[in-house]
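According to Swiss-Prot, the protein has these features:
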- 12, 73, 74, 103, 104, 105, 106: ATP binding site (BINDING)
- 104: Mg(2+) binding site (BINDING)
- 126, 127, 128, 163, 170, 171, 172, 223, 244, 250, 251, 252, 253: substrate binding site (BINDING)
- 128: active site, proton acceptor (ACT_SITE)
């Protein structure tokens with residue numbers, strides 16, 4: 001019988017994490033459970049930095065970006081002795097289960113705890129939208145708004161100067177954020193990690209646009225594909241059009257979460273408590289077709305594939 005739970009945020013922060021923590025805390029308290037907030041992710045779990053939370057601990061948090069519990073990358077958590085100490089800390093406080101909010105790296109920590117017999121529920125918190133088992137992750141739509149606003153501003157200055165602008169978007173090895181922002185921002189060209197990149201093909205496409213009378217263009221590209229400053233120089237040399245590169249960087253992770261992320265985070269937080277009370281452990285929560293779902297966390301990490309939004313790309317191509 002679950003009586004006490006812990007909640008932590010891990011890995012890169014995303015807007016809506018505070019709303020998810022709030023959802024976990026308020027839903028747990030409504031069921032008579034005690035909740036402990038764990039500071040700075042798995043590092044704080046290992047160092048036994050925890051604090052009991054009440055409903056006032058999460059007051060005025062739903063609208064805040066980031067995570068008030070803090071987050072830290074802690075690769076040492078892969079070590080068996082480190083995890084053993086973390087589990088000992090949980091057991092010493094009488095904590096029966098753990099809710100982990102983060103991306104696939106955070107899920108890996110929850111997976112290892114699950115394999116060692118400690119019940120965990122994972123909530124997908126990342127702007128990258130790269131977690132299997134869910135259509136969308138907490139923070140994706142807020143980051144999308146941030147990127148689209150930046151693209152809109154760049155278009156203003158690009159059109160004024162008849163310039164080509166390259167915008168680098170976060171996402172690691174997932175192009176969802178870039179693709180969605182490119183559609184919403186009306187970008188002329190899209191470069192994604194899921195599609196093999198050939199810079200000469202891109203140059204040819206840009207030249208074709210210029211030949212048709214295009215005065216300016218926006219190229220949206222996911223991070224880690226190439227050096228965008230070098231790409232900008234090459235495009236400028238080949239097209240004779242001024243070309244500038246912009247890296248949006250960590251601004252994409254910040255800001256007050258949009259309404260959808262607040263709702264999604266709240267639903268997922270409450271659903272995590274529902275699963276724990278039903279006796280589930282070792283699960284990860286997702287949303288599919290607007291319904292809450294859960295999957296085996298080990299299966300999600302090892303076997304499930306995140307589908308590429310090919311239909312979105314086809315739509316984008318029609319609108320170039």
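Note: Cβ is positioned from N, Cα and C throughout, glycine not excepted.
Model, not experiment: these values are computed from the prediction.
For residue 104 (ATP binding site), the count of additional Cβ atoms within 10 Å of its Cβ stands at 20 [all protein chains shown]. Not a single one of the binding-site residues 126, 128, 172, 244, 251, 253 has a C-alpha within 10 angstroms of the C-alpha of residue 74 (ATP binding site). Taking the binding-site residues 12, 103, 105 in turn, the residue surrounded by the fewest other Cβ atoms inside 10 Å of its Cβ turns out to be 105.
The ATP-binding residues named in the record, 12, 73, 74, 103, 104, 105, 106, extend over a maximum Cα to Cα distance of 14 Å. Long-range Cβ contacts of residue 172 (substrate binding site) within its own chain (separation 6+, distance under 8 Å): 128, 130, 223, 224. In sequence order, 127, 128, 143, 177, 222, 223, 248, 249, 252, 253 are the residues near residue 170 (substrate binding site), counting only same-chain partners six or more apart with C-beta under 8 A. Taking 12, 103, 105, 106 as the binding-site residues under consideration, the smallest Cα distance to residue 251 (substrate binding site) is found for 12.
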